[in-house]
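Here's the structure we're looking at; comments come further down.
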Amino acid sequence: REDRNSNQLVKEERGNSQSTNMLRGGRWRLRPRRCQARAPADRAAIPWALEPPTMMPTPPSQVRQNYRLECEAALNSHAALEFHASFQCLALAFYLDRDDVALKHFHHFFLLRSHEHSKTAESLMFLQNRRGGRVSFLDIRKPETQQWESALQAMQDTLHLEKCVNQSLLDLHKLATDSSDAHLCDFLETGYLDQQVKFIKELGDHVSKLSNVGSPEGSLAGYFSDKLTLGDG
């Protein structure tokens, strides 16, 4: 009877595709089933789970015309500079809004300027798409400083920053001129070059008034300049 049971057990285990080992006493022990390697057909069924996705090449633009790659790259670079200028003015605006500084008119002045720089960067990106270029987001530098000794120093630092922005616009305009890109030249001339020069003049006037109020290091000078230079209300 024991042999009959053993033979029956062997047949059942062979039917289930499992191998067995014989122990002492004529007993049988089942060997645990091992997972078989996945067949190539199975791997092909789910390629996304085994292989990194392939990057699709950027299709060429259908609207691009007379738009050099150098101009495209320079436009992206200047947009990053505009965002940097926006962050710098934003840092200054909220420094001036602190309770130990409390120059609310200067705060609103630089907050508005921060928004204008952001709008300029967005306009450049819209232009990039209209010309058939590709917007590329570059690294944006953090504000150069977040502490100022006086309102005069803040104005002087901002004046230097605005001159750097203006020089970048001039370089971009020169590149557009050398590339015979009339559209880009017109975009810069009608929308930004003159406005940038006007703001630099306005900022220079504020620096002169701040210098004439009194000691640049004095908080009283900053208070009166906040009232007189930018108005009350």
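Including glycine, each Cβ sits where the backbone N, Cα and C put it.
Annotated Fe cation-binding residues in TrEMBL are E82, Q196, and among E144, E149, E162 the one listed with them is E162. Q196 (Fe cation binding site) carries a helical DSSP state (H, G or I).
The average pLDDT the prediction assigns to the domain 'Ferritin-like diiron' (65-214) is 93. The number of other Cβ atoms within 10 Å of the Cβ belonging to E82 (Fe cation binding site), over all protein chains shown, comes to 24. Take the mean position of the Cβ atoms of E82, E162, Q196, the recorded Fe cation site; other residues of that chain with a Cβ within 8 Å of it are A85, H117, T120, L161, V165, N166, S168, L169, Y192, F199.
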